[in-house]
Structure formats: structure tokens, C-alpha cells
Amino acid sequence: MAELIDGKQLAKTVNAQTKRAVTELKTRGVNPKLIVILVGEDKASQIYVRNKQRKAVQLGIISETTRLPEDVSQAELLKLIDQYNHDDTVNGVMVQSPLPRQIDEAAVTRAILPTKDVDGFNPENVGQLYSNSNLNFPVSCTPKGIMSMLKAYQVTLAGANAVIVGRSNIVGRPMAALLLNASATVTVVHSQTKDMRAYTRNADILIVATGIAHLIKGEDIKPGATVIDVGMNRDENGKLTGDVDFDSAEPVAGKITPVPGGVGPMTIATLMQQTVELTKWSE
Ligand code: NDP
């Protein structure tokens, strides 16, 4: 039986710390403020944005959601970002993805000021991460939250064989950099990898972020491994399931995250934590 990595509980602890930090900042007249820009009517995005807004309010962070129509031009979106970049009352800015076709997502990530880039996607911040900089800079919230989980559950990183399934800019790549910076031996596998399971079976730490339900099964996991499931997939009944087949993986793994209640809550908690960090770093 694997130990369950309880992301929900850990998120409560992180949120309590964030709330205390916000209270402390407010006593000094500093009010952390997060701007979320939502383009179009994507249903899932609307839910994510609402959850972020609700959590921010609970923690005392000022949160504004700016809604733009589906057919907004790139120039208009970039102009809005520029306004927030120049607004001294704003500490964090993020644009919810996916974005409509006419918008160049890379141009949007470049436009957000690195010091307000609460998602950590700006190439300058990605460069800080990949060069293992000792400066303060924001990092993509999902992998940063996973690092908090690994730390809280005392998973040894130095020298561990860490395998990441998926190489997205949001999860796989920043996760690889964070683990490498923590002295793990890192392998990233993806859809073009030959015999992916030969790698996963050798992983002390296995992080799965593909968006393919139940891609990883118990037989693909090294006995005793720490398994982090980032996937958020809906099955035919609309139930949330991960990229890992929990039922077959749980008896093999040493530690494992559930879906839901694992990585998801920690991502939002880390976003709030990072909003406060950006606020402090800008003082
Ligand atoms: P992307 O679609 O951007 O990336 C998926 C990655 O998985 C790609 O690198 C792809 O490889 C790889 N992949 C696809 N199929 C296979 C396969 N058969 N074998 C090995 N690798 C494969 O997804 P994201 O990283 O954005 O998200 C991944 C999952 O995590 C999704 O379910 C998403 O909803 C979830 N997620 C959850 C978050 C949370 O807070 N819990 C936050 C962010 C994401 P290639 O590059 O070759 O195409």
C-alpha cells in the first residue's frame, strides 16, 4: 500500500501561510493584487478562473478578472497587458489558456513583465530557471507545487532517477529543470520516445503529465517509487481521472498522488503563494 500524498491537505497548509503573509503585508499598507485575463467563453477556463478568483478572495488577495471577447485582436490584448505592466498596484498578471487562434500565445507570455509573470512562463523567467539562477523569479505553478509536495513528503531528490512523462512548457520542461536543479538525474520522455516504459520502470520519482487517461499502469512503475499524477481527464461519466491507473499503481508505488485531491489543489495554492512572493520581491 502506497502512502497517499494528500495535495488537498498540503494546499490548506500553504494557503494558511499565504493568508498570514497577506495579513502581514496589509499591516504595512501593501495589498497584493492578481489580474487574470480571460479571453472567450471556454467553459473549463471559466471554472478555473472562478476557482482562482474565489481562492484569492479567501486569502485576502485582491483579484480582478478581465474578460475579453473571443474575437479580440492580439494588439488589444497586448495593450491591456501593457497597462497592467505599468500599473503599480498590480503584482501578478496571468492570461488563461487556451487562447483563440488569432492570438500568438508566445507573444503574450513575452509581453507580461517578468516581475509580474505569476505563471512563470516568460522566457526570461524560464531562462532563470534553466540556468539555476540564485535570484528571485517566478516558476510555473504546477511543477513548483509538485516540488513542495515532494519536500513535504520527504522524498529524496539528490541522486534520484526522476522520469517525467510529457514535455510541455507548462509542466514537463519546468519540472525537469526544477528536479535537475535539485540534483536528481532527470529523463524526459514523450510521444516520440522509443520504449517509454523501459524508462518509467527505472524511475524512483515518476511524474506523469500527458492528458492521456490511465497511460501508466502498475506494471510500468518501479516498486516503491514516488508517483505524481498531473493528468486531469474526464471519463465518459464526466468523472475526473488521472494519467495514472490508480488502482493498479497504488499497490506498487511507495508514495502516490490521487486525482482529484493531488496536484490540482497545490497548483492553485502555489499561484496564490507566488502572487505574494512577487509582491514582496517588488517592495
Ligand atoms: P500537453 O498536451 O501540452 O503535453 C502533453 C505531453 O504528453 C506532450 O509532451 C506529449 O508528447 C506527451 N505525450 C502524449 N502522449 C504520450 C504518450 N503516449 N506517451 C508519452 N508521452 C505522451 O499537456 P500539459 O502538459 O499541458 O498537461 C498534461 C495533463 O496535465 C493534462 O491532463 C492537463 O489537463 C493536466 N494539467 C493539470 C494541471 C493541474 O493543476 N493538475 C496543470 C496543468 C496541466 P509530445 O510533446 O511528443 O506531443
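The backbone N, Cα and C atoms fix where each Cβ goes, glycine too.
A TrEMBL annotation is a machine prediction, not a hand-curated record.
Note that the structure is a prediction, hence the values are computed from the model and not measured.
According to TrEMBL:
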type: BINDING; residues: GLY166, ARG167, SER168; note: NADP(+) binding site
type: DOMAIN; residues: 5-119; note: domain 'Tetrahydrofolate dehydrogenase/cyclohydrolase catalytic'
type: DOMAIN; residues: 140-280; note: domain 'Tetrahydrofolate dehydrogenase/cyclohydrolase NAD(P)-binding'
Within a 10 Å radius around the Cβ, which one of these binding-site residues has the most neighbouring Cβ atoms: GLY166, ARG167, SER168?
GLY166
Other than GLY166, ARG167, SER168, the chain contributes near NADP(+) (Cβ within 8 Å of their centroid) the residues ILE164, VAL165, ASN169, ILE170, VAL171, GLY172, ARG173, VAL188, HIS190, ALA209, THR210
With DSSP as the yardstick, break the domain 'Tetrahydrofolate dehydrogenase/cyclohydrolase NAD(P)-binding' (140-280) down into helix, strand and coil residue counts.
52 helix, 26 strand, 63 coil
Where does the mean pLDDT land for the domain 'Tetrahydrofolate dehydrogenase/cyclohydrolase NAD(P)-binding' (140-280)?
98
